[in-house]
Structure formats: structure tokens, C-alpha cells
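Chemist: Annotated domain 'G-protein coupled receptors family 2 profile 1' per TrEMBL: 43-126, in sequence order. Residues annotated as domain 'G-protein coupled receptors family 2 profile 2' in TrEMBL: 142-405. For 1-27, the entry in TrEMBL reads signal peptide. Per TrEMBL, the feature transmembrane segment maps to 144-167, 267-286, 306-327, 348-369, 381-404.
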Amino acid sequence: MRDAPSSGYLVHLAWMCFFSTVPHGGAKVLERTFEEWMRYRDECLRRMASEPYPAGLFCNRTFDMYACWPDGSPGTAVNVSCPFYLPWFEKVKHGLVSRRCGADGQWVMVNGSQPWRDYSQCEEELEDGAEEEGARRLMVSFKVLYTVGYALSLLTLVSALLVLTVFRKLHCTRNYIHANLFASFGLRATSVMVKDALLERRWGAEVLQVADWQALLSHEAALGCRAAQVLMQYCILANHYWFLVEAVYLYKLLIGAVFSEKNYYRLYLYLGWGTPVVFVVPWMAAKYLKENAECWALNENMAYWWIIRIPILLASMINLLIFMRILKVILAKLRANQKGYADYKLRLAKATLTLIPLFGIHEVVFIFATDEQTTGILRYIKVFFTLFLNSFQGFLVAVLYCFANKEVKSEMKKKWQLWKLDHPALCCTQ
């Protein structure tokens, strides 16, 4: 036997729905569940208004926020089918929920104010609940992982940008390109953290009545997280196209192409920051016109998702081809000038491992495996590696191409020596 306070039932159901499909679908399930609940309530109210009342003593027909109850005979139990708005209704559609009508013609209450009911046959199976709880905990762990990664990356990227900006001797086309790549990573990290904060604020709001749910699930309430979603998609595309710029620039250097860096840098800016706009704008229009629900994070129609996915795939494949071509050039040069076979292999391996994060080659591994197409263990493996690599990649790139760069370290060392000469009183005395 169970009793459930009607005022808190929607809150309880909300969290069960929110984590019923992880990692991306909980909010959509909640929205659909609430819509179905509204339809169930309206049908109940219409039925109560149209049916005639019985004669004599009886318990009044009512909707108690959970189920629709007909008039009850005193001293009997009233059974109705499990409400169809439950996300797991297909599993419990033959179950019943019951209430007791007292001998005085009043529904039996708990603590004098809350309706008593037995809804044990309408609950989700314990095994399913345990499985979803385990999945929820795993997703929470993943969130902690990528939050730490993006925060660390953002801190490192901002520091790297300051270094490349402050030291004048580091001002050159190569470092300008690095700086733009750092900026795209920084914006991506910021957009992800802002989106998460907006989602937590939205779904963590106190909800006490139906009007609060209607406001929570309204399009106006989703504007902030939709804007953050658009920014995030733009930054992801910008990431990939600045990877492409890095690949094109390095390839031109290696093959000894003669070109005006100043003129080409403007084209690099258009490619890195302008190309994403060409794809994000139609994607945003498609979402607004065809899938204007929740925070635009779900992909019910994969055709709209490919508006974003195709340019990412294209940039990644071009990067892979350039990557292979550059390795071939490096291999040829190392063979021609090798001093020792071991040293030659070490330098080739170092060049390869350095280029992979710079060009985003790891993205190719899971590029065809979307979250909607992967299930079970493969999905969690894909989610883990994607979140880990994406969140910590900014940190890795900033360290490799700024703080571990010989030119940068040399310039920082010179500045440090000059600072010590200018501030002898602050330096350690022997």
C-alpha cells in the first residue's frame, strides 16, 4: 500500500522522467510527460462534467493530480487503470491504482489532508529503476570529468593567449593562427559551462503547482539554453575549421610554397570564423521551424543534425588527408637527414603525436557513431572518450603550442632575466 501527497507528485515524477533516458533525452521525456499529463487531466475534467451523478451517499468524482476517479460507493475500494501519461505506461498498462471510499462518503485521507492511494502496480519495475540510477550516476561522473577538463582548458588557454599577446616577438602568422585556435577552444569551453549552468538553473527551479510546470516548459524559459546551444555548435565548428587552418598553413610551410602570409591570414580568418556561420544559421532556422523544443539538444530528424555534422566530417577528412601528406613529407626529410635510425623513429613519433591534437585527428574515430546510433557499452565508451578528449584537448593544445614551445620558453626566460635585473631588491639574495 502506498500513499502519495498530490502536491509533490509532479516533482517526484519530474525527476523520474528527467533521468529516464540518459544522457540527452531526460528533459524531452519530461516535456512529453507533462503534455500527456495535461491531456489526461483535461479528458478527466470533461468526463466528470458530462457524466450524471448517482443518487444517495457517495464519494465525489475527482482528479487528485495522479489519476481520474469516478464516484465511489461508501465502504468500497475504487480501482482505475494506471494513467497513460506515465513514461513507462506500456509496462504497466494492465495495472490498477486504487483508493478507498469511506463509510461516510469521503475519500480516505492520510494525515487529514493528503489522499491515500495504492499505486504499487503502476510503478516502474525496480530493476529498471536501478539500471537508470546507475546510468544517471555514470552520467554525473562524466559531467564532473568534462567540467574539470573544460575549466582547466579555459584557464590554460587564457594564459596562453596572454603570453602570445603580451610578448611582441611572438607576433607572427603562425602564432596568430595558434591564438585563434586557442580562442575557439576557450569559447567552446565557456559555452558548454554556460549551457550546463542554464540547464541546472532551469531544471533546479522550485516547482509547486501546474502553472510552474507550464512556465518551466515554455519556449520563453528555454531561450537562454538555446542561445548557449547555438554558441556551442558554432564554437565546435570553429574548432574544426581552425584545425583545418593549422593543417593548411603547416602544409604550405613544409612544401615550401611561396605566398603572402598577410593576404592569406585574412582568408584564414574567413575560413576559421566565417565558415561556421554558413552552417549554423540554416541549422538554427531548421531547429526553430521544425524542432523548436527544449534546448535544441535532441535530434529527432537526423537530416537537420547533418547540417552541422557534414561540415565537421568534411573538415576532419581533409585534415586527415593533409595529416597523412605531412607525415609523408616529414618522413622523407627525416630519411634524407637521419643521423641514427633510433633518433629518426623517435622524431617521427614525436611529430605524429604532436600533430594529432593540433589537427583534431582523434575526432575521425567516432565521427560516424552518433549518440542516437550507439547503444549499451559502446555508447558509454564513446561518450567517455568524446567528453574526455574534447574537454582536455584545449589544455593539451595550449601546453604543446605555447608553454612547451621552445620559442615561447626562450622569450619568457629572457623577460624573466630582464625583470630580475630591473627588480634586484625582490630577487633572492645569496
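Think of each number as a place in line: the chain as shown, counted from 1.
Cβ coordinates come from backbone N, Cα and C, glycine included.
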Chemist: What same-chain residues lie close to the transmembrane segment (267-286): Cβ under 8 Å, and 6 or more beyond its ends?
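Modeler: Those are 177, 180-181, 184, 230, 233-234, 237-238, 241-242, 244-245, 248-249, 304, 307-308, 310-311, in sequence order.
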Chemist: What residues elsewhere in the chain lie close to the transmembrane segment (144-167), defined as a C-beta under 8 angstroms and at least 6 residues from its ends?
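Modeler: Here the qualifying positions are 175, 178-179, 182-183, 185-186, 189-190, 192-193, 196, 384, 387-388, 390-395, 398-399, 401-403, 408, 411-412, 415.
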Chemist: Tell me, what is the mean pLDDT of the domain 'G-protein coupled receptors family 2 profile 1' (43-126)?
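Modeler: Over the domain 'G-protein coupled receptors family 2 profile 1' (43-126), the predicted model scores a mean pLDDT of 88.
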